Amino acid sequence: MTEPLLTMRGIVKAFDGVKALDGIDLTVRPGECVGLCGENGAGKSTLMKVLSGVYPHGTWDGEIRWEGAPLVASGVRDTERAGIVIIHQELMLVPELSVAENIFLGNEITLPGGRMHYAEMVRRSEALLRDLRIDAINVAQPVMNYGGGHQQLIEIAKALNKRAKLLILDEPSSSLSAAETRILLDIVRDLKRRGVACVYISHKLDEVDAVCDTVTVIRDGRHVATEPMSTLTTDRIIAMMVGREIRNLYPREPHEIGDVVLEARNVTCHDVANPRRKRVDDVSFAVRRGEILGVAGLVGAGRTELMQAIFGAYPGASTASIRMNGRPLAIRAPADAIRAGIAMVPEDRKRHGIVPQLGVGHNITLSVLRRFATRGRIDAAAELDAIRTEMQRLSVRAAHPFLPIASLSGGNQQKAVLARMLLADPQVLILDEPTRGVDVGAKAEIYRLIFALAKRGVALIVVSSELPEVLGLADRVLVIGEGELRGDFVNDGLTQEQILGAALTPARRPAEPIAASNP
């Protein structure tokens, strides 16, 4: 067996006396891919910040050995010089700069006199991408011209340009399509063959199974186990992550589906940059009380734009005829939708869901502050009581309600956004990618909440790129493709293949509106 490239022993990191890491061990060998698994808030990101130099030597206890010698890093530059490079979930690219300029950002090649040697950066960038078998990227184009999948590949090229010996991938496929994820996994396998080691952090355990040789599980800041992937099952990893077995991820129970509550007809959204192009083209559908309506389709199909238009949040021009309980609605802004009884948890939690500077509690009550106001003054005691009730109901884990929401894990941020929308007491709740970047324990809690709301008569619209999630939750499934409605299926024996087949099959024109008659 080869000698370890990296050894972390007994890593302890505390914040205000509270241990975020408590004696964590991690070993990585050359050419090995180690899966790092744990619930949100388990300490994965904190451990990687210790390793990558974000938390410099001296701010934590324990030992890190790199290539057999102690690693003493005062910052990220030191670890990158050693060959440790992290690719964060939120990509660190400058959209306006070219691909080549991004690949060499901070490591620019200069000519005598200090001018950048752009031609040489282009040549080397092309060679890097060629080496990765990536031929669909023009390195002279701005990064903004490429989608999330290509940008992830650009980040990998940027890391290899820094001569990475250990690549840390933090939720690398969270915004990728299935095809883009396959390309990513192929590249990870290729890097392993070249001797590059990887730490692969992901809640998608099928990806961990596909590329990882070893899995290290941490829970509540402590090391639980390190075992070869060949000896593990997905259920075993989940049990180690959450400390219990999750026997039924989708706890479906019979629930009554009532009359139509929301009807949307002829929804059309024009592209923000190119108004002649339609992102959503004449889509009509209805949802009933107590119904869980799944919305599936390929990435970029127009699902999010469709939901934004209904909620009054689409940034471009849109038209729609919306009726609530049979009455026409004029929705020009999210505030109109919330007043009418429609709430939405957005896809991009960080950009559209939370106010990072505010505390957890104030994020929860943000949409309903009027409820706690008397003569222009907020009743702080009543507000705090509501905050604590919602935090307890949704198991939002935070030391106190005034903790900045940005310091919480993704799963707890998502539950806080859900709490805010539930405080509005909606008749219709739109959930756009509700479990993206959320660990399996938090997923199970969100699924239980969805079924509980359906039993109470709330109409739920769940947009998801995870087809098992759609099939596990939905009573009925809409399929969107290239802005069109391409299928409306009752979820009775429905398969992933049927959904994908509908997504890839152009709709007959004109689109037939969905009937709103009662069953």
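Just so you know, glycine gets a Cβ as well, placed from its N, Cα and C.
The feature ATP binding site is assigned by Swiss-Prot to Gly38, Glu39, Asn40, Gly41, Ala42, Gly43, Lys44, Ser45, with sequence analysis given as support. The domain 'ABC transporter 1' annotation in Swiss-Prot covers 6-245. Annotation comment: Swiss-Prot describes 262-507 as domain 'ABC transporter 2'.
Annotated features taken from Swiss-Prot, shown on the structure.
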residue : record           : contacts (Cβ under 8 Å, 6+ apart)
Gly38   : ATP binding site : Lys44, Val217, Ile218, Arg219, Val224, Met241, Asp439
Glu39   : ATP binding site : Arg219, Met241, Val242, Ser409, Gly411, Asp439, Val440, Gly441, Ala442
Asn40   : ATP binding site : Ser409, Gly410, Gly411, Asn412, Gly437, Val438, Asp439, Ala442
Gly41   : ATP binding site : Arg397, Leu408, Ser409, Gly411, Asn412
Ala42   : ATP binding site : Ile218, Arg219, Asp220, Gly221, Met241, Asp439
Gly43   : ATP binding site : Ala20, Leu21, Ile24, Ile218, Asp220, Gly221
Ser45   : ATP binding site : Asp170, Ile201
Cβ neighbour count within 10 Å of Lys44 (ATP binding site):
25
Specify all same-chain residues, apart from the site residues Gly38, Glu39, Asn40, Gly41, Ala42, Gly43, Lys44, Ser45, whose Cβ lies within 8 angstroms of the center of the Cβ atoms of the ATP site, ordered by sequence.
Thr46, Ile218, Ser409, Asp439
Indicate whether Ser45 (ATP binding site) is helix, strand or coil by DSSP.
helix
